[in-house]
Amino acid sequence: MKVLVAVKRVIDPYVKIRVKSDHSGVETQNIKMAMNPFDEIAVEEALRLREKNWATEVVVVSIGGENSQETLRHALALGADRAILIRTQDSLESLNIAKILKKIIDDEKPDLVLMGKQAIDGDNNQTPQMLASLLNWPQAMYASKIEASGDHLQVTREIDGGLETISVHLPAVVSTDLRLNEPRYASLPNIMKAKKKPLENLELDSLGLSLKKHVEVLKVTEPDARSAGVKVESVAELLNKLQHEAKVL
Amino acid sequence: MSTLVLVEHDNQTLHPSTRNVLAAALELGGEPTLLVIGHQCKAVAEQAATLAGAHAVWCIDKPCYEHPLAEQISDLVLSFAHSFKAILVPASTFGKNIAPRVAAQLDVSQVSDVSKIIDKDTFEHPIYAGNAIETVRVLDPIKVLTIRVTAFNPVTTNQASCCIEQIDKEIIAKNSQFVKHELSKSERPDLGSAKIVVSGGRGLQSAEKFKLIEELADVLGAAVGASRAAVDAGFVPNDYQVGQTGRIVAPMLYIAVGISGAVQHLAGMKDSKIIVAINKDEDAPIFQIADYGLVGDLFELVPQLIAQLKNR
């Protein structure tokens, strides 16, 4: 079985972001970047499926600028077999990302596509569902457990009230939730080995897709600031304030 | 302008989020149609029809929709979609699973977690774990939106029931199948709509000691939440998690106990009206947003709090 994993380069989750003063977006110059945490979980799961001899090849794909190569090299160092970068300078909306991925999938013909449930920058939680839709494949979103047997996957999904288990026939798109697994670290020898693994660069323009703009970003602003309140000395004082000042009890 | 609202429910009761999504639909203007898909869900359709502002209810009641899958719901929605200018679903795991699938089938964009409707094409929504707000204009003819439930005041008034139309349409998912549910059983209010939420973090130390949080919640009639650290440590199930990757809550009162206040957690609760933090570390980031902070050992303070609340 061939597994394709889509990964995204995002601002490191521990960085406190700054909104640009012209409200055009968020400051990304000289900011620490990392692989989207949900995508690391997707890579890890693909590697585990290969270790169980279910998956035979793990291909990682990213869409972005030159430096998305670092994200792909990181995935290769973790154990992915090869990587594809679709180069573009534009920041793309979910639907267009799904269309690009569909094009790659039409060529690569994987049996399973694994993706993070959302990227921690846009917080959209859309691309995997859109991709499944465009491919007309079944989807299993927010996976916290994946059991593969033959051409079926049994996926336990995190839903608001608890868990739901569904069975999907391959090929399918699965998105990962945080509790699916604990991603491994890349060892130094594997980082060295990853430099020799194949990384194919494709220009977005060469794919022959006609992508149209569906959304216009008008501005990005800071949320209303919430300031620190007061420290109280005792439980009695806290209760008194909640009752008489905040009037919430 | 005609709007389709997808109703979340469990075949017996309407999920409270429907009231907030309907409010958002009414803000968009026009006459909302509420779509109920399920099995033996007549009661849900009847409840939906009495919500003030509902124009019509469409009910698709078939055994195959007892536990509907994304593939089935999106195909059903798609079959009506072209009659509408907007399709609204709650930004819950239910809604988020479906909306993008519908949007892609329609070749239109989808806006996630809409927190403000500026006009029929322009919306605000949070990005970067709520650390920035993006204003977007949708250029497509049909808007597919997931609604951040806590950002819209629910419709709480009723009307004389509007028309309920039964629709006979069967869609069987070919390549996916429901297997089972394991739902957390709780007598407490739902986390997403509770007026008071008491959350515990790593500071609780164990699942056994986390019961202290539940005891405090019960005295207050509150829902119980947790930080990711508490969930990962196995103190509580994952559906208790409040944060960027868990539930988004905005209660009247949020009490964070033994939670440091990581960005990820704040994303899920910083729109609460009043925030109380109880933590032994006076430099914990949670104190930077708490209206009332109490520094000290939670194992001394929480039992005191419970005792004093009981004596009120």
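Just so you know, the numbers here start at 1 and follow the chain as drawn.
The backbone N, Cα and C atoms fix where each Cβ goes, glycine too.
These figures come from a predicted structure and were not determined experimentally.
Under the heading domain 'Electron transfer flavoprotein alpha/beta-subunit N-terminal', TrEMBL lists B:3-182. Residues or ranges marked as FAD binding site by TrEMBL: B:ARG202, B:227-228, B:241-245, B:258-265, B:ASN279.
Overlay of TrEMBL feature records on the structure.
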| residue | record | Cβ contacts under 8 Å, 6 or more apart |
| --- | --- | --- |
| B:ARG202 | FAD binding site | B:SER227, B:ALA229, B:ALA230, B:ALA233, B:GLY258, B:ILE259, B:SER260 |
| B:GLN241 | FAD binding site | B:GLY225, B:ALA226, B:SER227, B:ARG228, B:VAL231, B:ARG247, B:GLY268 |
| B:GLN244 | FAD binding site | B:ALA129, B:GLY130, B:VAL263, B:GLN264, B:ALA267, B:GLY268 |
| B:ALA262 | FAD binding site | B:SER227, B:ARG228, B:GLY243, B:PRO285 |
| B:HIS265 | FAD binding site | B:GLY201, B:SER227, B:ARG228, B:VAL242, B:GLY243, B:ILE259 |
Secondary-structure category, per DSSP, in which B:GLN244 (FAD binding site) falls: coil
Filtered B:ARG202, B:GLN244, B:ILE259, B:ALA262 - binding-site residues with C-beta under 8 A from chain A: B:GLN244
Per-residue pLDDT averaged over the domain 'Electron transfer flavoprotein alpha/beta-subunit N-terminal' (B:3-182), given as an integer: 97
